[in-house]
Amino acid sequence: MAEVEKVREKEVEKEVERKEIEREEDVEVCPECGSPRLIRDYRRGEFICQDCGLVIEDTYIDAGPEWRAFDSEQRDKRSRVGAPVTYTIHDKGLSTIIDWSNKDYYGKAISVRNRAQLFRLRKWQRRIRISNATERNLAFALSELDRMASALGLPKSVRETAAVIYRKAVEKNLIRGRSIEGVVAAALYAACRQAGVPRTLDEIATYSRVDRKEIGRTYRFITRELGLKLMPTSPADYIPRFCAALGLSGEVQKKAIEIIKKAEERELTSGRGPTGVAAAALYVASILLGERRTQREVAEVAGVTEVTIRNRYKELAEKLGIEIIL
């Protein structure tokens, strides 16, 4: 009887888990504010509304592999199943490899006589996978892209978009005369803006091997040549990330976004850096809701100076009629 009950409990747990997954997949808008701007934070395992900051799901289980790989060869070697097509690998993940286990299909050990031949086959198979200059370029560039995206904590969708942008740049021969690292960084910056999870040029440059000036110049070039239509970044897009870094509540996040929307309606954000406006709005919101953070703390997270925050928050308070008691 005890065994039957255990089996039944496991079945109930599986059913509950299945329903939870179905419920999450059915969520298309925020149940709190009705916004469709939902984003999954893989680093913290959360499903979040970008507008009001509601955490819709905070126990997201990563369905990916339990192992880590630092290049495509290592990834292929450790994988136990066929992967889906992806633009983040130079051959889109369609090629195969000869395993190093030295065993045949039935699990029997390969004879000593045939191992030397198998070694040569592996060597040539690796060479065939990257057979020309374009493939070598893609292999290096996409591994660099993966490294930077991991360091920045970007989701898979942004990596795929950045890989597609880079591939288009290669097809149109826009790489000539420019460093691969610079074009990769520019493609990643464009993908972040396109996906609504912006990173500043300074943040991209921190993890890139090129400076901020080159990334900006290359970004303007590829967006013009590829005809990418990218809307200006809204300060509100930075709020969820800054809020999380400062340990502020969802109420503060909601209030900061509300302040930014009012500022945009009155055109107070025109000609001003979005990170500076976002930092100032967050600083004001934290004071209004009793979760005060210092200007230095906010400045460090936002990557701006304390002077910028002081100028922006005074401007917002004056033009929007917000009374701040310091």
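Residue numbers in this text run from 1 along the chain shown.
Note: Cβ is positioned from N, Cα and C throughout, glycine not excepted.
The zinc finger annotation in Swiss-Prot covers 26-57. Long-range contacts of the zinc finger (26-57) within the same chain: residues 153, 155-156, 196-197, 236-237, 239-240, 243-244, 249-251, 253-254, 257, each at least 6 residues beyond the stretch ends and with a Cβ under 8 Å from a Cβ of the stretch.
Annotation comment: Swiss-Prot describes Cys30, Cys33, Cys49, Cys52 as Zn(2+) binding site. Non-local neighbourhood of Cys30 (Zn(2+) binding site): Pro36, Arg37, Leu38, Cys49, Asp51, Cys52, Leu54, Ile56, each in the same chain, at least six residues away, with C-beta under 8 Å from its C-beta.
The repeat '1' feature in Swiss-Prot is assigned to 143-226.
Across the repeat '2' (237-318), the DSSP tally of helix, strand and coil residues reads 62 helix, 0 strand, 20 coil. The repeat '2' annotation in Swiss-Prot covers 237-318.
Residues in the repeat '1' (143-226) partition by DSSP class (helix H, G, I; strand E, B; coil) as 64 helix, 0 strand, 20 coil.
Annotation: Cys49 carries the greatest number of neighbouring Cβ atoms among the binding-site residues Cys33, Cys49, Cys52 [cut-off 10 Å, Cβ to Cβ].
Counted with DSSP, the zinc finger (26-57) comes out as 1 helix, 11 strand, 20 coil. Taken as a whole, the zinc finger (26-57) shows an average pLDDT of 77 in this prediction.
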